[in-house]
Amino acid sequence: MNYNKKSVEDIDVTGKRVLCRCDFNVPIKGGVITSDKRIVAALPTIQYLVKQGAKVILCSHMGKPKGEYKPELSLKVVADRLSELLGQTVIMAADVAGKDAQAKAAALENGQVMLLENTRFEKGETKNDPELSRKLASLADIFVNDAFGTAHRAHSSTAGVADYLPAVCGYLIQKEIGIMGKALADPERPFVAILGGAKVSDKLNVINNLLEKVDTLIIGGGMAYTFLAAKGYAVGKSLLDTEKIDYCKEMMAKAEAKGVKLLLPVDTVVAASFPDPIDGPIDVKTVAADAIPADMEGLDIGEESRKLFAEAAKSAKTVVWNGPMGVFENPILAKGTIAVAEALAESSAVTIVGGGDSAAACEQLGFADKITHISTGGGASLEFLEGLELPGIACLQDK
Ligand code: AMP
């Protein structure tokens, strides 16, 4: 995939109607936004468009209304918060691309901002229906995609609309593809990838693709036990995907053939059973990776593994991390994940954290500003690491 895409700065937006796809999929409780992080993250692109005198038409999805109007998933709350942050009124449309949106878009003046209703109120959105894409495109002269979190989806508002309008990226997507694209295409070496999380099966293609690129691949979390089983170790009651043992063997052979160092946990924190509740008290001990008792379950990497993984991260020039090293929701089982987050924060390498749990861990620990780039998209960043073409990026004009 070509990561060198035109951005808002490469196209004349002054006086133009610009449809800008944002990620305003914010958490809401009792009608109140509980984190406006995503709205704040979208500000640089919006402010640039306003400053250039564009007529700004924002759109986003929120939640899963499944093609129906659901008042609790209206973006009105986002328009209100955005008005406060921008210091100017954000005009709210009553529909996505219907009469109200059309009338309000037509009446926009330079520098004004409006927000369309939740794009997933339209049935056609997730089907990438050309009819809806055309209607959305008819509101504007230019399409700007700045929603990395949905860039792996081919929906009307993320990709389809680009069939009818010149399309470029905003600052958020520009940063994502700039940093992650360089890491994959032309990384500073040594390049170390750290993968964790529950299941091997979720990350099969990521492992395969990263083995083509990295110098060291580190596997922790629940997925490590299937690799340990592939090495012939007994893993007790730990998470094990028996159907993927052969795949893990294949990946170990591939690593060896390519000269990639594959690091697995050398010790593991075990308990008699999974914590219930997940953050409740739990009795644990640490055992060697090849000595997991039959009646115990591995729930975090042990201290030796933490040191081993941290050393590899610290001596790297590029590090990509996706997925927790253990059941980090429980403070007793979070030490492996914290050690990796800390190692990235302390490393002078280009450090990239791919969405979801690992991003949340870095933020909760206060390390976010010590990481080069925390991706805003969980699923999208994984597909990026898989080497897949993301429809919301592929549809943008090349530089
Ligand atoms: P994922 O959604 O695949 O990124 O996995 C995240 C989940 O993996 C978290 O909820 C962790 O609690 C869980 N996890 C990590 N390590 C383990 C483990 N050793 N055993 C069971 N679950 C784990």
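The backbone N, Cα and C atoms fix where each Cβ goes, and this holds for glycine too.
Please treat TrEMBL annotations as automatic predictions, because they have not gone through curation.
Feature list (source: TrEMBL):
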type: BINDING; residues: Asp23, Phe24, Asn25, Arg38, His61, Met62, Gly63, Lys64, Arg120, Arg153; note: substrate binding site
type: BINDING; residues: Arg38, Arg120, Arg153; note: (2R)-3-phosphoglycerate binding site
type: BINDING; residues: Lys203, Gly298, Glu329, Gly355, Gly356, Asp357, Ser358; note: ATP binding site
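In this structure the residues listed as binding substrate are Asp23, Phe24, Asn25, Arg38, His61, Met62, Gly63, Lys64, Arg120, Arg153; their two most distant Cα atoms lie 18 Å apart. You'll find the Cα of Gly63 (substrate binding site) roughly 18 Å from the Cα of Gly355 (ATP binding site). When the binding-site residues Asn25, Ser358 are compared by the number of other CB atoms within 10 angstroms of each CB, Asn25 has the fewest. Farthest C-alpha pair in the ATP-binding residues Lys203, Gly298, Glu329, Gly355, Gly356, Asp357, Ser358: 24 Å apart. Other C-beta atoms found within 10 angstroms of the C-beta of His61 (substrate binding site) number 28, with every protein chain shown included. Filtering Asn25, Gly63, Gly298, Gly355, Asp357 by Cβ distance to ligand 1 (under 6 A) retains the following binding-site residues: Gly298, Asp357. Looking at Asp23, Glu329, Asp357, the binding-site residues in this record, the fewest other C-beta atoms within 10 angstroms of the C-beta turn up around Glu329.
Spatially, by CA atoms, the binding-site residues Arg153, Lys203, Gly356, Asp357, Ser358 include one closest to Asp23 (substrate binding site), and that is Arg153.
Mapped onto three states, the DSSP output places Asp357 (ATP binding site) in helix. Across the structure, His61 (substrate binding site) and Glu329 (ATP binding site) place their CA atoms 28 angstrom apart. The full span of the recorded (2R)-3-phosphoglycerate binding residues, Arg38, Arg120, Arg153, taken as their largest Cα to Cα distance, is 18 Å.
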